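The following features are taken from TrEMBL:
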- 54-266: domain 'ABC transmembrane type-1' (DOMAIN)
- 7-33: transmembrane segment (TRANSMEM)
- 53-80: transmembrane segment (TRANSMEM)
- 143-163: transmembrane segment (TRANSMEM)
- 200-221: transmembrane segment (TRANSMEM)
- 247-270: transmembrane segment (TRANSMEM)
Amino acid sequence: MLFLPQACIISLLIIGVMVGMVQSFGIIPSLGFNDFTLEFYRQALNNPQLKDSIVFSLKIALASSLFAIGLGLGICYVWLHQIKPSKFSEMMIRIPIIVPHIVVSLFVLQFLSRTGLLARLLFALGIENARDWFEPLLYQPNGIGVILSFLWKEVPFVVFYCFPMIQSISDGLGQAARTLGASRWQTYWKIILPLAKKTIFAAFFIIFMFTFGAYELPALLGPTVPRALPVMTYQAYTHPDLGQRPYAMAMNGLILFVGLAAILCIWILISLPQIKHYRMTFRKGGVDYEG
């Protein structure tokens, strides 16, 4: 019974994904589409903007995930060894998580645009070219503004998600390592993080899939060309011609497939050392057995 609410939510999500996938194959009886077809996937793959959109979305997702993990683990280290977290600091780290992305985008526009508060403040201090400093941040193909906006929420998420596990490891094996002469940094880098890697990788995967499929920030702060893949999908979904609905669902299917493929590739790269270790262990075991 404890898992009933989670099971209901997951079931609704799975049903929604299944309905979307069925519609992406051209089956929407209410609109007169009754035959299974791959035509809409063919149209999506033939879109000349698709490649640039996928690359742009992957770049944003990967950069946001890596920076969020790095900064979040840095804060965890500070909390663990330098500044013990108080109730106030824990409350402050939770606030960005509950702030909607639309509010974050408005905050970024007010502070980091060419006519934002920071540019005006620097100009008032006598820096005449201050507006040019903020030019590369928003509406540019580099996606810096989008990545910074994602970090506003994802860095606190990493801290909130990973710190309990890191703290529990530090209180046990971490204390033992320091007793044996290891420094705080050696303990954190060589003992705590490797033992917490499953939690860290889980946080990375969650952030990657979320940022890869997010619409709001790329739409509000990203460039017109290339558009992020979720932006292209939303524009196709809101097309006044309902005959474009299967095409929009095919674009959603591409988001799912590309995201899962990217996660699989990242997981393989991360797991290569462990796979090599298992292979070496298996070979040694085989040699010993034969001898």
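Yeah, the Cβs are placed from backbone N, Cα and C, and that goes for glycine too.
Caution: TrEMBL annotation is automatic and unverified by curators.
Same-chain residues lying 6+ beyond the ends of the transmembrane segment (200-221) with a Cβ under 8 Å from its Cβ atoms: 57-58, 60-62, 64-66, 68-69, 72-73, 101-102, 104-105, 108-109, 138-139, 143, 145-146, 149-150, 154, 157-158, 161-162, 193, 227-231, 233-234, 255, 258-259, 262-263, 266-267, 270. Between the transmembrane segment (53-80) and the transmembrane segment (247-270) there are 3 or more Cβ pairs closer than 8 Å, counting only residues 6 or more apart in sequence, so the two stretches are in contact.
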